[in-house]
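**Student:** The feature Ca(2+) binding site is assigned by Swiss-Prot to Glu38, Gly43, with similarity to another entry given as support. As annotated by Swiss-Prot, Fe(II)-heme a binding site applies to His59, His376. For His238, His288, His289, the entry in Swiss-Prot reads Cu cation binding site, with the evidence type similarity to another entry. What Swiss-Prot records for Tyr242 is O2 binding site. Annotation comment: Swiss-Prot describes His366, Asp367 as Mg(2+) binding site, evidence class similarity to another entry. Per Swiss-Prot, heme a3 binding site is recorded for His374. Look at Swiss-Prot and you will find 15-35, 54-74, 100-120, 143-163, 181-201, 232-252, 266-286, 303-323, 336-356, 378-398, 412-432, 450-470 tagged as transmembrane segment.
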Amino acid sequence: PRQWLFSTNHKDIGTLYFIFGAWAGMVGTSLSILIRAELGHPGALIGDDQIYNVIVTAHAFIMIFFMVMPIMIGGFGNWLVPLMLGAPDMAFPRMNNMSFWLLPPALSLLLVSSMVENGAGTGWTVYPPLSAGIAHGGASVDLAIFSLHLAGISSILGAVNFITTVINMRSTGISLDRMPLFVWSVVITALLLLLSLPVLAGAITMLLTDRNLNTSFFDPAGGGDPILYQHLFWFFGHPEVYILILPGFGMISHIISQESGKKETFGSLGMIYAMLAIGLLGFIVWAHHMFTVGMDVDTRAYFTSATMIIAVPTGIKIFSWLATLHGTQLSYSPAILWALGFVFLFTVGGLTGVVLANSSVDIILHDTYYVVAHFHYVLSMGAVFAIMAGFIHWYPLFTGLTLNNKWLKSHFIIMFIGVNLTFFPQHFLGLAGMPRRYSDYPDAYTTWNVVSTIGSTISLLGILFFFYIIWESLVSQRQVIYPIQLNSSIEWYQNTPPAEHSYSELPLLTN
């Protein structure tokens with residue numbers, strides 16, 4: 001227990017993040033299955049819309065703050081950044097431990113918020129006046145706000161740690177332009193966290209005082225404006241979605257270049273600039289989430305254009321990945337299957353994003369299932385596919401064990417069918433006008449909702465199969481004899497698994 005509770009070792013802390021993220025992911029998945037069960041047939045299943053919206057809200061918060069971010073930034077980030085930099089550990093190892101241990105209390109607060117009063121049925125955006133005292137009396141929303149505060153502090157500390165580590169602890173020979181793309185993606189992610197989370201903290205703190213201390217930041221009766229909250233929230237919320245996908249970009253770059261048998265990713269400097277551009281542009285497009293609140297036409301025109309510009313650096317990344325794959329004799333290993341699935345499905349999600357960027361079109365599609373389909377393509381098939389690819393790719397390094405390849409391929413096929421069956425029909429529902437965040441719908445929408453629910457059941461079976469595959473690997477203890485990877489990235493020069501202290505002597509990189 002002492003080793004895990006007080007650990008200052010980036011590998012142990014990374015492992016804790018993985019376990020925590022997997023556990024939270026199971027909770028979040030259970031909530032999503034409840035959502036799909038409710039929508040699997042017309043009529044009610046679990047009760048009124050309040051409980052339904054509590055489930056939807058908790059599903060979003062858990063998947064974002066307690067599954068994707070801990071696994072990508074906490075798990076892969078902690079494990080790989082020091083190894084790829086040739087650094088003995090993170091810059092602030094004890095703060096690293098604290099970043100992790102802020103998360104279980106944060107998750108507990110969120111779960112408790114669902115259990116007191118009527119729960120926080122606000123949606124993950126927590127818009128007032130629905131989230132204000134007038135519509136959500138009781139402590140639920142307050143507890144959810146405190147949960148976000150803790151998760152936010154955790155992420156800010158982690159971000160400071162990663163930025164400091166990369167600035168100060170690069171090994172001799174690793175200049176910024178030669179730094180691995182995954183490390184770049186984590187640094188840019190950390191910068192985004194550092195700049196956006198304080199704004200969220202301000203917004204939810206003002207909401208807290210509106211609810212409890214009689215201020216009126218968001219209450220028109222006292223001269224406030226609920227639209228101010230939306231601006232503040234989305235100034236955080238839009239960078240947040242890039243925070244969720246950028247580490248995935250970094251992992252996919254590594255996996256594609258290694259599986260292609262290439263020395264490096266095509267256009268790696270361009271890839272770095274593309275990620276920097278995405279990070280910068282992510283901060284100046286937030287109001288595209290607010291096309292329906294009545295902004296001036298010139299404001300809408302700006303946010304439409306700026307949003308579409310993000311497609312350019314994203315396109316650079318997609319085509320560079322395709323160029324990296326070009327001309328290779330691929331063996332379809334499980335990791336490359338996930339990476340190829342990522343490139344294809346993330347592109348589909350990106351295309352629906354360009355559709356939604358048009359303010360005039362978005363007036364019709366806003367708050368319909370078209371939006372749900374869009375962001376689940378980039379999250380459930382972008383972020384999650386990247387996590388799967390990365391986990392399978394680096395599992396032999398992390399554990400020194402092998403997974404069952406045949407099963408992993410079957411698992412990929414099951415998941416691929418499941419997620420597409422779940423989310424592709426939601427585009428049709430959205431175009432037909434089915435609104436989000438309702439527990440019931442007119443009968444005309446039944447067919448595609450049934451298809452979607454069947455898809456979610458298939459995905460659930462896939463996830464359970466994945467946990468079985470990991471269990472089987474840990475029980476069988478098939479040791480890795482040597483890493484099959486080309487050593488295009490220095491983490492593969494480690495033992496499998498790496499020693500507790502990887503670089504007691506600092507490496508010198510010459511190339």
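For all residues, glycine too, the Cβ spot is worked out from N, Cα and C.
Values in this document were obtained by computation on a predicted structure and should not be read as measured data.
Mind running through what each feature is packed against?
**Tutor:** In the three-state DSSP assignment, the secondary structure recorded for Gly43 (Ca(2+) binding site) is coil.
According to DSSP, His59 (Fe(II)-heme a binding site) sits within a helical segment.
According to DSSP, His289 (Cu cation binding site) sits within a helical segment. There are 22 other CB atoms within 10 A of the CB of His289 (Cu cation binding site), with all protein chains counted.
Of all Cβ atoms in the protein chains displayed, 22 besides its own lie within 10 Å of the Cβ of Tyr242 (O2 binding site). In the three-state DSSP scheme, Tyr242 (O2 binding site) is classed as helix.
Under 8 Å, Cβ to Cβ, and six or more positions away along its own chain, Asp367 (Mg(2+) binding site) finds Thr292, Pro435, Arg436, Arg437.
For His374 (heme a3 binding site), the same-chain residues that are 6 or more apart in sequence and have a Cβ closer than 8 Å to its Cβ are Gly349, Thr352, Gly353, Val355, Leu356.
Non-local neighbours of the transmembrane segment (15-35) in the same chain are 4, 7, 46, 52, 55-56, 58-59, 62-63, 66-68, 70-71, 74-75, 78-79, 100, 103-104, 107, 111, 398, 456-457, 460, 463, 467; each lies 6+ residues outside the stretch with a CB under 8 Å from one of its CB atoms.
Long-range contacts of the transmembrane segment (232-252) within the same chain: residues 64, 68-69, 72-73, 76-77, 125-127, 180-186, 188-189, 192-193, 195-197, 199-200, 202-203, 206, 275, 278-279, 282-283, 285-290, 317, 321, 339, 342-343, 346, 375, 378-379, 382-383, 385-387, 389-390, 393, each at least 6 residues beyond the stretch ends and with a Cβ under 8 Å from a Cβ of the stretch.
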**Student:** Same chain, outside the transmembrane segment (181-201) by at least 6, Cβ under 8 Å from its Cβ: which residues?
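**Tutor:** Distant contacts of the transmembrane segment (181-201): 73, 76-77, 80-81, 84-85, 148-149, 152, 155-156, 158-160, 162-163, 166, 232-233, 235-237, 239-240, 242-243, 246-251, 253-254, 265, 268, 271-272, 275-276, 278-279, 282-283.
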**Student:** Within 10 Å of the Cβ of His238 (Cu cation binding site), how many other Cβ atoms can you find? Include all protein chains, please.
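**Tutor:** 23, counting other Cβ atoms within 10 Å of His238 (Cu cation binding site).
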**Student:** Other than His238, His288, His289, which residues of the same chain sit close to Cu cation? List them in sequence order, counting a residue when its Cβ is within 8 Å of the Cβ centroid of the site.
**Tutor:** Trp234, Gly237, Val285, Trp286, Ala287, Met290, Phe303, Thr307
**Student:** Under an 8 Å Cβ to Cβ limit, what residues of the same chain, 6 or more beyond the ends of the transmembrane segment (450-470), are close to it?
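**Tutor:** Here the qualifying positions are 22, 29, 32-33, 36-37, 39-41, 388, 403-404, 407-408, 410-411, 414-415, 417-423, 425-426, 429.
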**Student:** Mind checking which residues reach the transmembrane segment (54-74)? Cβ under 8 Å, same chain, six or more beyond either end.
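**Tutor:** Residues 13-14, 17-18, 20-22, 24-25, 27-28, 31-32, 34-35, 38, 46, 99-100, 103, 106-107, 110-111, 114, 118-124, 144, 147-148, 151, 155, 158, 162, 186, 189-190, 240, 243-244, 247-248, 251, 379, 383-384, 386-387, 437.
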